[in-house]
Amino acid sequence: MEGSLFFTNATPSTSILKITDYKYLRLEKNDSTFVAELVLCRPKQYNSMDDDFYNEFISIYDEIQNDSKIRCVILRGEGKGLTAGLNLGKIAPLITGDSEVSQSQNNLDLFKMIRRWQASLDKINKCSKPTIALIHGACIGGGVDMITACDIRLCSSDAKFSIRETKLSIIADLGTLQRISKIVGSGFARELALTGKDIDAKTAERFNLVNHVYPDHDTLLSEGRKLALSIAQNSPLVVQATKLTLNHADDHTIDEGLYRVALQNAAFLKSDDLNESATSFFEKRQPIFKCNL
């Protein structure tokens, strides 16, 4: 029953969201490098987010997960920045609800919508393929929700970050508050979340929100693509299992993590990819990996 989400932490089902005509997102695949670029492609709207955006995001990450020719994902935005966050003009009617139904029904509909949006961005974290966020210009509100779900974050020197929801009298509800303390530390996370202030690229780097800052957008793209390629050239079986192991470590003890990785290596250590790594090393050629989780 849909109402059961009130009483459980279960992620809402998104299996019915299959979209073929994307308007907010573009997936650029390169079968020779095994790197895909997921592009927020509405620059005139500052790549802002609304209900249709989140539905597309669910569908496109299902496509990424199920495509064995994608080993690493780059997430980036077209135009002047990554995203300005929520499109408040389009979201406002969804929040105020339908005057022809009861307030309790409007509240339930809003709850379901928020849970679906949460599941949308959580697709990044749950996808076994690593995602690298390349951030330039504005990364506001929902943009921070999105990048904190990514595995690696890089930015250019013009990047600006804000948990802007606070200034709009909204609690950030799509993942930032659950993830950012683990990235930047509790004290600075609280400073950002309680003030809603902007921070620049250098501050983001100093507090580990991003790994590296590059002088301009072109350098960011070039270096981000090099990093993605270096990941995609490794065994996809090992890369994907490593990501899942790191995710598991976020909320389990060291002993639980060690037991899990022992089981994984007992199952996968003698893989075809291991044999291919050894063979290609002695033959002095690039390995040709075929295994995926």
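Cβ atoms here come from the backbone N, Cα and C positions, even for glycine.
According to DSSP, GLY85 (substrate binding site) is assigned to coil rather than to any helix or strand. Neighbour density for GLY85 (substrate binding site): within 10 A of its CB lie 24 other CB atoms from the protein chains shown. According to Swiss-Prot, the substrate binding site annotation covers ALA84, GLY85, LEU86, ASN87, LEU88, GLY142, on the basis of similarity to another entry.
Per Swiss-Prot, the feature site 'Important for catalytic activity' maps to GLU165 (among others); the stated evidence is similarity to another entry. DSSP assigns GLU165 (site 'Important for catalytic activity') to a helix. Every protein chain considered, the tally of other Cβ atoms within 10 Å of the Cβ of GLU165 (site 'Important for catalytic activity') stands at 23.
As annotated by Swiss-Prot, site 'Important for catalytic activity' applies to ASP173 (among others), with the evidence given as similarity to another entry. There are 15 other Cβ atoms within 10 Å of the Cβ belonging to ASP173 (site 'Important for catalytic activity').
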Residues ALA84, GLY85, LEU86, ASN87, LEU88, GLY142 [recorded substrate binders]: greatest CA to CA distance in Å:
11
Give me the non-local Cβ neighbours of ASN87 (substrate binding site): same chain, 6+ apart in sequence, Cβ-Cβ under 8 Å, ordered along the sequence.
GLN45, SER48, MET49, ASP50
Pairwise Cα distance for ASP173 (site 'Important for catalytic activity')/LEU86 (substrate binding site) [Å, integer]:
12
Which of the listed binding-site residues (ALA84, LEU86, LEU88) has the least company, meaning the fewest other Cβ atoms within 10 Å of its Cβ?
LEU88
I'd like the Cβ neighbour count for GLY142 (substrate binding site), meaning other Cβ atoms within 10 Å of its Cβ, all protein chains included.
28
Between ALA84 (substrate binding site) and GLU165 (site 'Important for catalytic activity'), what C-alpha distance do you get in Å?
12
